Amino acid sequence: MAATAGASPLISMHSRPSHSFQHGLATLRVSGLKPVSLSFYGRSSLSFRMRPLPVRLQVSCAAKPETVEKVCNIVKKQLALPDDSTVTGESKFAALGADSLDTVEIVMGLEEEFGISVEEESAQSIATVQDAADLIEKLIEKK
Amino acid sequence: MEKGVRRWVVDVSKWDPSPHDFCSVLSLLPQHQRSFVTRFVRMEDRKRALVSQLLQYALVHEVLGIPFDEITINRTLEGKPYLGNDNAGLEFPNFNFNVSHHGDYVAIASEPLCLVGLDIVSYDIPPKETVLEFIQNFSSYFSSLEWDNIVNAGSCDGILAEFYRYWCLKEAYVKAIGSGLAYGLDKVEFLHTRWTNISVKINGEDTREWRFWLFELGKGHWASIARGHPRSATESYRKTLQGSEFNLEEYHKGLHLPNVDFVSRTIEELISVLHGEAYKIPGDERNT
């Protein structure tokens, strides 16, 4: 487990609402959920070679470390990464081995965990854990 | 033109290189390509990425005869690799290729005129959800018809298999056009007869410009091939093509080229293709 002060509670991947199944298979399609688009090629050509900044030096518009950590946990679970693997804000989903199915599930997991809805256009710009955390906080603020 | 149609696959499960061996194979690649391998955190992903690169160089070398150190492979902004060299003359008016890697397999497909897209999926049972919970995550990517076909496929096994087949085809389409985005895939509807004669309706229109195939690679893995019109490519990918406009006759020639089965290649073969070239061993049989 990541050993940070004030660590967030473990995210359970089993906590999916089952409302969609109340009426049987015919209504499995949940209307209103917009398709999520993400880059499946990892956008490596846009990577910046920055050394990771210590948390306290991050710019003020970046997400809180707790949010970043929650995202890291969701990602680690989805990709079945060992607990001691290094997943940080700079980690790119693609580089962690996320394929198209993983990426959709990660975003769905984030939507559920944070109670938000991610629009296609915004999802397109998510390449790293930090991107996701920043977007999450922006969406939470809007609520 | 048929010679431009290739389908190669490598089973990487049997390749277990020591870190030293891995490094020496990696060093066969041009410097700027190595980061596409090393950016991956997990060794399994690095392995697959390395083989993917080997396949690209070996294919271009074998099919187009370009010497290894003259091959330029670039990537679009979305990350799709393409051949940077000036194309190999009129025999292949639009040579392009696509790679995919998943699970035990890494594969490459090429076409001489049409766009080609390739995707590999493996029949993985979702570890933490029921099949229905799992597929529900992706419901917005399917048309109503496709979704009905999936959920009415009978057993959970059947449902999961239908799901993966449709997903694989959609991915091949997305990758063929080079968009890297799963935008509006509910409007990309696949039609088929027991998974043969696979075609697509885009925004309700069956343009008859695309053909698709599904292959069982083995060990619960499937590969899909998409073949379609170059003008469907996204702008950034279209710029890399030799041509995107063809008259009807030319285009149909390309569209109806025979589709070939996947040919198994070994990593040793690929390495010897490139190794021989890279080191230019004089008198080496492999160079001829």
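Count begins at 1; order follows the chain as displayed.
Just so you know, glycine gets a Cβ as well, placed from its N, Cα and C.
Annotations in TrEMBL come from automatic prediction, not curation.
Annotated domain '4'-phosphopantetheinyl transferase N-terminal' per TrEMBL: B:13-112, in sequence order. For B:116-224, the entry in TrEMBL reads domain '4'-phosphopantetheinyl transferase'.
Look at the domain '4'-phosphopantetheinyl transferase N-terminal' (B:13-112): DSSP puts its residues at 43 helix, 20 strand, 37 coil. Per DSSP, the secondary structure of the domain '4'-phosphopantetheinyl transferase' (B:116-224) breaks down as 42 helix, 33 strand, 34 coil. Note on the domain '4'-phosphopantetheinyl transferase' (B:116-224): mean pLDDT across this stretch is 94.
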